[in-house]
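Chemist: Starting off with a structure, shown below.
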Amino acid sequence: MVRHQPLQYYEPQLCLSCLTGIYGCRWKRYQRSHDDTTPWERLWFLLLTLTFGLTLTWLYFWWEVHNDYDEFNWYLYNRLGYWSDWSVPILMATAAAFTYVAGLQVLALCHIAVGQQMNLHWLHKIGLVAILVATVVAMSAVAQLWEDEWEVLLISLQGTAPFLHVGALAAVTALSWIVAGQFARAERSSSQVAILSTFLAVVFALYLAPLTISSPCIMEKKDLGPKPALIGHRGAPMLAPEHTLMSFRKALEQKLYGLQADVTISLDGVPFLMHDATLRRTTNVEELFPELARRPASMLNWTILQRLNAGQWFLKTDPFWTASSLSPSDQREAQNQSICSLTELLELAKGNATLLLNLRDPPREHPYRGSFVNVTLEALLRSGFPQHQVLWLPNRQRPLVRKVAPGFQQTSGSKEAAATLRKGHIQGLNLRYTQVSRQELRDYASWNLSVNLYTVNAPWLFSLLWCAGVPSVTSDNSHTLSQVPVPLWIMVSGAAWSRLRLLGWGKASCLGCSLVRSQECLGGQLEAGGERSWPLVSARGWEEREPEPHGGSIKGPRKVSSYRRSSGLGDSCILF
């Protein structure tokens with residue numbers, strides 16, 4: 001009786017086909033190979049890793065600076081001459097590019113893990129180079145045109161560093177398997193030393209990283225100061241058109257500490273509220289008086305200014321992506337807003353809030369160029385608004401202002417030594433949140449100088465400043481920040497922080513053990529002269545299938561490799 005050997009057949013390898021197909025368009029079995037990756041493809045892998053790191057940094061940066069998206073759009077408005085929200089499209093494009101690069105990075109690491117030869121498809125190479133160039137150009141442009149914003153990146157690390165550290169430990173732990181495999185497969189001892197030393201250097205750096213992390217929110221809970229007072233920046237510009245009565249009324253409904261306003265004087269001497277030099281962005285002047293659109297706002301009479309609509313632009317451009325959330329009645333009210341005079345604001349805020357006032361200098365040819373400060377002071381004093389509730393920011397004619405209105409709180413917009421400020425009878429500072437450190441805050445507080453920081457919109461930034469002991473902040477997003485009951489996180493110094501360092505040491509120890517065990521388990525393979533292709537792993541130990549043509553998997557008789565027996569470890573050797 002003749003026995004027939006069963007025909008060998010190829011086992012479907014759908015996951016492997018998708019892995020090599022998506023990465024290098026190698027969908028067929030015969031296109032795959034376990035040979036070493038060529039030096040050229042290794043170079044592309046390094047370029048992919050570099051692009052991944054840059055896009056990750058750019059995505060993190062652009063996400064963290066969402067506090068200043070309005071400032072970014074305002075900068076582009078001054079450069080381009082028309083208003084458009086560029087921040088969100090840039091964020092979406094960055095997220096899409098990072099997702100694409102991260103996918104390629106994962107596929108490349110999977111190639112290494114399963115021992116497949118990497119061969120990045122040429123379309124991916126074009127896309128990779130395009131993303132790398134675009135990211136470098138974007139980062140260079142920000143460094144030149146918006147260089148102060150890189151300080152936000154450093155500030156954000158004070159809030160995210162502990163969590164990024166834990167994430168980095170998790171990532172290194174996940175990569176330890178791949179590192180262990182490359183360590184065991186390396187033929188030269190010099191390569192093994194390079195792999196091991198590099199990996200241990202990274203692990204050691206992660207272990208020491210907590211020692212370099214500094215954050216105001218690493219503190220004892222009992223040391224947390226009072227919540228910073230909130231000042232509405234031009235009212236509540238996310239809920240209503242800025243510098244309108246509706247905007248200031250919305251801010252007062254939130255029980256804010258104060259309101260900030262920019263005061264401009266009209267051609268006939270009426271103080272009104274306007275931030276921009278012209279009326280193009282926040283009114284319909286181009287529709288009613290196109291010939292006056294580019295004229296300075298202060299060069300128009302109050303009668304003309306009253307005819308302009310100051311609310312339609314808010315619903316049309318939706319600068320903060322919040323207009324759609326307004327109720328129908330609020331949308332109708334916003335659509336019918338007009339330019340607000342200083343007198344109207346004083347009547348609304350009297351007895352309800354403090355005012356932080358900034359004056360816009362009129363042009364040289366303006367009839368009130370030399371007396372606009374006096375005109376504004378007269379309006380303030382005539383209204384009966386409490387002087388102690390006025391934070392006076394203009395630096396012009398301070399001696400006159402102190403004489404006429406001694407109750408005003410003189411506030412400086414420039415950072416100087418505390419002694420110099422006190423000598424100039426300054427009682428407070430109004431600075432950008434990137435301009436002052438925790439030590440300087442303590443120094444100013446010791447001189448009884450109050451510090452207000454602008455413009456703080458993001459809850460994470462508000463939480464950091466709260467922990468740092470900032471007395472007050474100016475915000476566009478006061479309706480959200482007023483609902484923040486406590487800082488987003490507080491890490492108790494001492495025991496908890498020591499546990500985080502211990503976690504890093506524990507991870508480092510486990511990763512080191514993983515490498516040692518992998519060397520013991522795979523060392524016998526190299527000594528026995530076995531094939532360098534990556535063997536299959538099971539809980540019973542190391543097993544190797546019969547040789548497979550074209551890298552395929554063949555079902556049939558299996559034999560236990562001799563190097564498992566030679567290792568002397570038996571069935572107990574399993575990688576971490």
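In case you wondered, yes, glycine gets a Cβ from its N, Cα and C as well.
Automatic prediction, not curation, is the source of TrEMBL annotations.
In case it helps, TrEMBL gives these features for our protein:
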TRANSMEM  43-63  transmembrane segment
TRANSMEM  90-114  transmembrane segment
TRANSMEM  126-143  transmembrane segment
TRANSMEM  163-181  transmembrane segment
TRANSMEM  193-213  transmembrane segment
DOMAIN    228-485  domain 'GP-PDE'
REGION    542-571  region 'Disordered'
Chemist: Decide whether the stretches the transmembrane segment (43-63) and the transmembrane segment (126-143) have at least 3 CB pairs under 8 angstroms, with pairs required to be 6 or more apart in sequence.
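Modeler: With 3 or more qualifying Cβ pairs, these stretches touch.
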Chemist: Go through the chain and flag residues at least 6 beyond the ends of the transmembrane segment (126-143) whose CB is under 8 A from any CB in it; none is fine as an answer.
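Modeler: Distant Cβ neighbours of the transmembrane segment (126-143) are 44, 47-48, 50-51, 54-55, 57-58, 61, 90, 97, 100-101, 104, 120, 149-150.
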Chemist: If you average the pLDDT over the domain 'GP-PDE' (228-485), what number do you get?
Modeler: 96
